[in-house]
Amino acid sequence: MVEPVGNHYIVARPVYSENSFDEEHEKLHRYHKNFWDNLKLYFRCSRQKVKKIALGLFPIVSWLPAYRFREWILSDIISGINTGLVSVLQGLAFALLVNVPPGYGLYAAFFPALVYFIFGTSRHISVGPFPVLSLMVGGVVVRLVPDSSTGNGTSTNMSIINEERVMVAASVTFLSGIFQLLLGILQFGFIVIYLSHSLISGFTTAAAIHVVVSQLKFMLQLSVPGFNKPFGIIYTLESVFSQITDTNIADLITSLLVLLIVFAVKELNDRYKAKLPTPIPIELIVTVLAALISYFVNFEERFNVAVVGKLEEGFQAPVAPDVGILQKCIGDGISIAIVGFAVAFSVAKVYSIKHDYPIDGNQELIAFGLGNIVGGSFKGFASSTALSRSGVQESTGGKTQIAGIISAFIVLIVILAIGFLLAPLQKSVLAALALGNLKGMLMQFKEVGVLWRKDKYDCVIWVVTFLAAVFLGLDIGLATAVAFELLTVVIRSQIPSCTVLANVGRSNIYRNRKDYTDIYEPEGVKIFRCSSPIFFANIEFFKEKLITAVGFNPLRVLRKRNKALRKIRKMLKKGELQVTPKGLICMANQTHESDEELDNNRIEELDQPTNMTDLPIRINWGSDLPPGITVPQVNIHSIVLDFSAVSFLDFSAMRVLQKTLKEFIRIDIDIYIAGAHEGFLEKLERCAFFDEEIKPSMFFLSIHDAVLHILLKKDIASSPKLKLTEVTLQFSFYYFCPFTLPTNTQLCANPTETKF
């Protein structure tokens, strides 16, 4: 019964152990499905299930018929055109990161967007090249087709090398698509949860640093070989600075000027985005102007600058991936697949929350997997979503993936018709545009200070991820970062928060006794909380903390008591002790015996419960013992373990916990476990946790129930009058208020009628 009184409430109910609660309240016996039941259900076929799978596999069937043509079409067209122009420029720029001719970046911007239109679940992300993935693919390209293989650098050799590099990029893209598709089919969309925000932020920031360093050779027009190995960034910088005197000044000035303009206008776009109807398309403006100036001034001949050159019109025939290449880049394919999905899903999730629609992680894996498979078959490279490009699509009014298909159509026009207009464009301009899109990533450095103030572990994960990815490379760095992140989880769970609780405010609320002044601790009772799962890695830590909290080691006390009993038996046998109504009296001078002599090679017997059945008197360990016999003092009689935050207990930890509880029980300390979650007792019963010493009756619904039970039990033990009603008495929460029985207390058989 709950009676509200203002902002207080009064509860009157019996003290419940788990057993008494189950006896009073009938529990439904539910059938829990096992693995085979779930497997049968998964493969069971029905009309509704086929329809659900079809709609899930082809999300376009769900949203396209509901498309609001009159309301959305104009916004999608404007958004698609803007996004398409950005996609063209980013495709060309990010192709430099992959170390393939710029034209192949257009394939990476076209095919994945086309596939995602049919299979994707996000309405706002723009699918295509992403600088981090482009750099990861470029690392594989450089490793398998290094610059040193270019021989004398003739056009024929360069053409052969470019073909080999395109094949490597296409093959690793195809492989990453296969991995994504398999993960999606096997419902592994949850894998993204192992990549925390701190890890992704640190990794993308490190990738931005790699992008900056990789573009220096295009901005300075230097012949810098690729170093796709640990500490490759240092070797790259060393190579750049060793050739710094060979810098092409025209390329340097052009790239710096473009970079300055792009950063300035992007800053204006961010600052006045609420007032601007659409962001200023600075990349497009700069590209057009740079191409025109380069063409009319003839930069290529006058200043020997590197230009994009002729772009092939139309599409090349699809090719099968090279099996030999696939075998050499399995690890790279996995890392590219996971990073691409993680970045895309995190961006898609932001927009899905903002615009209130669901996305499916498994279907996203399938969509990106198919996109990379198709893109790789047509000699494109790995795709995801660029944050800046998705921002353009959403901020310019994009409502659905109709905007995405229109942007793909813009890329198609460039591929088929007007690509030749970009031939005189300097590569240094593309490099500057690639760097101009890194502002958001580079600004993530500010998160370090924020994370340090909020969560030290997340801050350390960010720093370690960043350093590992910068110095070890993106592939090894990612693996190192994930391993370190999982290690921090193990460390945090291995060293759980363990506290001693006390009652606060004389109510049913228990908190850390160090945090409050108005606390009450029942005499002889310790309340111990572990705020973590208990498993093989932290059970010893839990045991040590529990021993520290109670102030003694129960096994040591038990052994000391058994040694004392051996000595007492020996003294009684020799007549050195005499039993009197007042206790044991020593009748002779005590002879010293070492612990080794008392052990008598029977150390295992010392761990058994104390047995006094053969003694003429029961030993009171708290009273005076015969001279020469000492045992550690135990000043508590009950321990309450709060398991409300213990989500699971594995079998290894269960064995150690069982042994530890028995050690306490054998020195006459009552153990109570409170707040255990549903199914905890059933699991313990299945694992044969209970026996003659450890019984299910030690489990209580809450700490308060356990404490009330202890207080009532001690009052009954100390009062002969109360012992008469022990069987029928149940005590209510009202008893708790003073924690001691006042002189005017009347105990009744009905718990709700207990009066003070």
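From the backbone N, Cα and C atoms, a Cβ is placed for every residue, glycine too.
Looking at the stretches 77-98, 429-450, the one that TrEMBL records under the feature transmembrane segment is 77-98. Sequence-distant contacts of the transmembrane segment (104-120) (same chain, six or more residues past either end, CB-CB distance under 8 Å): 57-60, 87-88, 90-95, 98, 126-129, 166, 169, 173, 311, 315, 363-364, 366-368, 370-372, 374-375, 378-383, 401, 404-405, 407-408, 411-412, 414-415, 419.
Below 8 angstroms of C-beta separation, residues 121-125, 127, 130, 132-133, 136-137, 172-173, 176-177, 179-180, 183, 189, 191-192, 195, 197, 200, 203-204, 359, 361, 364-365, 368-369, 372, 382-385, 387, 390, 394, 474-475, 478-479 of the same chain, each at least six residues beyond the ends of the transmembrane segment (334-353), sit close to that stretch. Touching of the transmembrane segment (459-484) and the transmembrane segment (193-213) is concluded from the presence of at least three CB pairs under 8 A, sequence neighbours closer than 6 excluded.
The stretch with the most CB contacts under 8 Å to the transmembrane segment (166-186), chosen from 77-98, 127-146, 193-213, 365-382, 402-423, is 365-382. In this chain, the transmembrane segment (193-213) does not touch the transmembrane segment (402-423); fewer than three CB pairs sit within less than 8 A of each other, excluding pairs fewer than 6 residues apart. Residues 57, 95, 98, 100, 104-105, 107-108, 110-116, 119-121, 127, 129-130, 133-134, 136-137, 166-167, 169-185, 188-189, 315-316, 318-321, 336-337, 340-341, 344 of the same chain sit 6 or more residues outside the transmembrane segment (365-382) yet have a Cβ under 8 Å from a Cβ within it. Confidence over the domain 'STAS' (515-710), given as mean pLDDT on the 0 to 100 scale, stands at 85.
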